[in-house]
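> I am attaching a structure below and will ask some questions about it afterwards.
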Amino acid sequence: MSGVTILYGSETGNAQEYARYLSKRLRYLNLSPILSPLDDFPLKNLVTETRFLIIICSTTGQGELPRNARKFFKFLLRKKLPRDLLNHLEITSFGLGDSSYPKFNYAIRKLHARLMQLGCQELCLRCEADEQAPEGVDKFYSEWEFALTSTLQTKCNVVELDTEFVLPPETPVKVVDTEQDIDTLGNKTIATSRPELRIGTLVQNKRVTAPDHFQDVRHIIITAEDLNYVPGDTLALYPSNDDDSVEQLIQLQPHWIPFVDKPLEISGRLPHIEGGFIDKKCLTLRSLLKYHIDLSAVPRHSFFFSLWHFVDSSSEDGAREKEKLREFSKFEDSEDLYNYANRPRRSILETIQEFHENLEIPIAYIMDIFPLIHPRLFSIASRPSSSSVEIVVGLVEYKTIIRRIRRGLCSKWLKEMAPNTNLAFTIHESNIFFSNKPIIMVAPGTGIAPMKSLIEEKAMAGSPPLYLFYGCRNHGKDYLFSDLWEGLQQQNKLHFYPCFSRDGSNIKYVQHNLYQQKKLVGDLLLKEGATIFICGSSGSMPTQVRITLTEILQEIGQISNDEAAKYLLEMESNGRYIQETW
């Protein structure tokens, strides 16, 4: 045993993707790494079975760890842990962050620092990747991986295997030898092994933007029993593939057809699936493809790393296709993969369609090759209720550069869902706390969702003063929940400042409205201890809002730019500057 452990903390699947790729890469170094989410790893194994610890982790929210890493970190923070507990470990870490957030890569910094306090030695330098960098995260990863693998080869004295060699599957999928088929398509809600998974009923799936508006935004209401949530919490949905897509994939791999409805057994290192695997009595190749394999995802390096091995290269076309897929697996050729997959948003199903004539994927390798469906997180948009919960969803639908219509997996799933359909979900707590001081809310577009939850709760209680700066394109097309805001404003329960970027007004964006009200905003922040809550797209909006707030503090507070920036940092530390973007 090599004693190499790769642990990851991942909210949207990016950190997990890099961890999966690294695990495959290290297997070809004759190492046998353990791969696990941070929270699922038995902590005693850090002491008994691990020599080299590799952590890959993203940062979420207000500099927080992903949900599947918090239990692990909480254990590390125990004061009674001896300072030499992990002095046998050598560690390195890779952080995924976004420099438009104030607490850039805080999660990996906190993890790394605490592990060093507990006696770990540095294996190779920590890398902090920045999604805003022109070269992208892949460039950071490639350089860090090269340093790491070079170090491990030296320390472990291993020889790299020929990549033409096909390694055994890490998570073998086996068809159970039986003549009996299992019918799973009739089940609208498949039972799973995850106890916290809730089953609710969709009672409203209503479009709230104009029919001729470019985006279909839905106001969704789900009923269930014994719900418990507060403003700022999120709801996770677990979408599935449509039956047509599943059938297309099966037909592209005709050697699967005799086995699609036979029972399956999955062994080896079972990957973490949030929401749990479907019940064993329902587990077939068809149900695995429908409920767990992400056919809509844009293929990434780890997908191609395994896929190219199963191309028949005996023909000229096959040899050319095999080499092409092999090149896509390399981080040094990320631009080629970007142009093939990312720019046109080509899906995994479309990739299989393009290469299927010379491609034969063994059933045994399905879990090793394909990415899994991740839950989709949405801010809760309703005031606390024990019997219902609301979300606002902007459906993803657009034309690519190759003129193909793209629909997000969850968007397609939701768009076709009729009222009274049962669906699975979970509710996740946030670490957001609002005091009784004034609250300034900044929300373009669907960022209004958590504001609706907060405003409905606080307005009903009558305190504290609430200020909403809301932005959308057109008054008559995507002005979400206008009756609610205007009604509360008339009742003096809400100070409301809308702006419409495409209606010809001089005040186009939320930051312009903030500056227009600079005396009010400055006094609220400097004199009344107000909290500012920003929610929406992670593009330029959060940065522009922060620049505007800095200017307001300078002018109204008569302070320098550095002092204004420092004041905002102090607000963050005190929980008064909250940013939730995606």
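Cβ from N, Cα, C; glycine included.
Caution: TrEMBL annotation is automatic and unverified by curators.
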> Need a hand: TrEMBL gives R345, R376, L377, F378, S379, G408, L409, C410, S411 for FAD, which of W256, W582 is also on that list?
W582
> Among residues R345, R376, L377, F378, S379, G408, L409, C410, S411, W582 annotated as binding FAD, what is the maximum Cα-Cα distance? Answer in Å.
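Greatest Cα separation within the listed binding residues comes to 25 Å.
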> If you skip the near sequence neighbours and keep only those at least six away, which residues in the chain come within under 8 angstroms of S501 (NADP(+) binding site), Cβ to Cβ?
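Non-local contacts for S501 (NADP(+) binding site): G471, C472, R473, K508, Y509.
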> I'd like to know which of these binding-site residues, R345, R502, K508, is least surrounded, judged by other CB atoms within 10 A.
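Fewest other Cβ atoms within 10 Å, among the binding-site residues R345, R502, K508, is found for R502.
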> Do any residues at least six apart in sequence from I507 (NADP(+) binding site), in the same chain, have a Cβ closer than 8 Å to its Cβ, and if so which, in order?
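Same-chain residues close to I507 (NADP(+) binding site) (Cβ under 8 Å, separated by 6 or more) are C499, N513, Q516.
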> Can you tell me how spread out the NADP(+) site is, meaning the largest CA to CA distance among T446, S501, R502, I507, K508, Y509, V510, Q511, in Å?
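Across T446, S501, R502, I507, K508, Y509, V510, Q511, the widest Cα separation comes out at 19 Å.
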